[in-house]
Amino acid sequence: MDDRSADSDPVTAGESSILDTLGEDVIRIVSPVSLCMVLVVLLVSSLSSTNDLSSSISSLFLSSTTTPTSFSSLNLLLLGSDSTWEEIKSALVTALSFVVVVTLLTFLLVLLFYFRCTNFLRIYMGISSLFVLSFLGGFISLLLISHLKIPIDPFTFAILLFNLSVVGVFAVFMPKFPISMNQGYLVAIGVLTAYWFTMLPEWTTWALLIAMSLYDLAAVLLPIGPLRLLVELAMSRNEEIPALVYEARPVDPQPGDRVRVWRERTDVRIEATENSTNSANVQTVQETRLAVSEEITAPLIEAFPQTGDRHLGTEEEEDGIGLGSSGAIKLGLGDFIFYSVLVGRAAMYDYMTVYACYLAIMAGLGVTLLLLAVYRKALPALPVSIMLGVVFYLLTRVLLEVFVVQCSSNLLMF
Amino acid sequence: MRCRLDSLSLIVCLHLLSIDGDDDKGERSQIGDTMTVAAGVGYVLIALGPALSLFASVIAKKPFLILTLLSSTLFWLISLIILAGAWRAFLPVKSTELWPYSILILTSVGFQEGIRIGFWRLFKKMEDMLNAFADRVSKPRLFLTDKMQLALAGGLGHGLAHAVFFCLSLLTPAFGPATFYVDKCPSIPFFLISAIIALGFVIIHTFSMVIAFNGYTEGKRKDQIFVPFAHLIAALITLINLVPGGCNIGLPLLCIMAGTTLYYSWQLVWRRLTEHQTTRSSD
């Protein structure tokens, strides 16, 4: 019998069970994703009003003094109609134009990377992150201050905002920064951008999510996809890809593990390791697009310096995609943002959809990590989670809510 | 603000209550704001207090248990969605008779208990995979306490899913200034009743998973039959809430049922552990 073979008691034998440390790297990527989603849900529920038109108008009025207006709220005002078909059409147009712009800019990025203009890219990304932290962060802080009636004077606010944004740029930009600040600021950038995206009208948000997940699927898996080209270029040159990538804090290697270094499309032997879960890697280079005005969209790709605490040793072939001796999972910031956008948009309907979509996204992330462990190449992290999230949102809204409310309003539970 | 009680108007009413709360927030005093948030937080803690302490003391320490918890929550949600899909055509139930609701309860509980067996098969497969993995990294195989912790995490996931979907998701208006009474139970606010019922069911789900897994592993019929029965009886007790004034009887009975499940699981685990201890020391 199974439990007879479980020989010694952990207390007396002094050994630890495998259950103690298994799955730790997955948890280290699940926690920041969950934190980002929780923060976006809190922001959405404390700041949102009842429908999208009024919130976009209020953001429009507020933003006329601070940031340029967004394309979609302007579009909505121009169209002025509330009919569903008009909304769907404008949503599809917006989503399609967004994807087209993203594709063009990614190809531009690949071109620049090919011509080794890395410094230009890094500086540009630094400026973009400064923009996100200062302008978006300031805008959202102003909304929070006016909503929660926090007493603060403009000078203190300006100093705090300036300090926090500059430190944030350094935290994601410089190599020797403490990793918790790096991770914290990456989550903050994700929260701000995701909240901004939830201010779009409803149909546009859903169309955008589905379009971006299809784009992600195509861009990473198709041979001509820009992200795949980028990944191959970076691997062939053994350089890091300049991108905003969240890397989980590496797990300590267990004694007796051999290191897994994998790479695709070369003939180097893949060293199998005993610890199959410890070296999963999701390399999803995601760019985030920030629609700052009607026409101009700025790619938000920041350099991710990551040399600090990985002891490379003999593995000089270790590149931005492969793993060091401590396998850590990397997830692009765009994935954080789009997951949080989905959950934030679900929060605008009801909390039941929030919980359902959260579970769906976690399931999708788990499936992606499993696929990663099987296929061992760069995989898109968006499609599975977003599709599951959308399906669960629809199912909850259509089926579950009526059922649960029917049962609990009669105080019938099981 | 009182609302009439049928399902769709309840949804509208709950949304209106929460919007009301937001509008009033601007003019009300600070003390009034914090009182209502305190009430909402209080309801959440009533429903989830033991679950949170279980989580913090047992599950948060081992990452694999957190993953088990998330997957079992997802599992329960999927089973709930399937049930909702099956019952969608018959809802909303307009009558106030007992029998449609009892059929609802019977089918739901039967389905969920059937799923539990499937869950146990998955658990066995996972146990085999974990043991194979442990052999490969030359670590000891799963201990008895490990398996029980896995069962606990699975059960807690189910209980958490129940509390979240039946209680927490309807709790949003409780953070506003108003409260809500159900017609059939005018003495206790709706939120408090659902919080206490959720508490009872969290305990029942958590520990019946431990009992069920032990029962299926050891092959003891008594344990295997106890779990569906306990679940069914607890769900049928909530049927008493349909009668006007019934919740005053139903709630204490449910808590007694939860206590029974807890006691049974305690006895089972105690016996199992002492047996294991004696067999090991006698080897």
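Using the three backbone atoms N, Cα and C, a Cβ is placed for every residue, glycine included.
Straight from TrEMBL, the features:
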TRANSMEM  B:37-57  transmembrane segment
TRANSMEM  B:64-87  transmembrane segment
TRANSMEM  B:99-119  transmembrane segment
TRANSMEM  B:150-171  transmembrane segment
TRANSMEM  B:191-213  transmembrane segment
TRANSMEM  B:225-243  transmembrane segment
TRANSMEM  B:249-266  transmembrane segment
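Looking at which of B:37-57, B:64-87, B:191-213, B:225-243, B:249-266 has the most CB pairs under 8 Å to the transmembrane segment (B:99-119), the answer is the stretch B:225-243. Contact between the transmembrane segment (B:150-171) and the transmembrane segment (B:249-266) does not hold: fewer than three of their C-beta pairs are under 8 Å, each pair 6 or more apart in sequence. Here the transmembrane segment (B:37-57) has long-range neighbours at 69, 152, 156, 159-160, 163, 167-168, 171, 174-175, 179, 191-192, 194-196, 198-199, 202-203, 206, meaning same-chain residues at least 6 beyond its ends whose C-beta is under 8 angstroms from one of its own.
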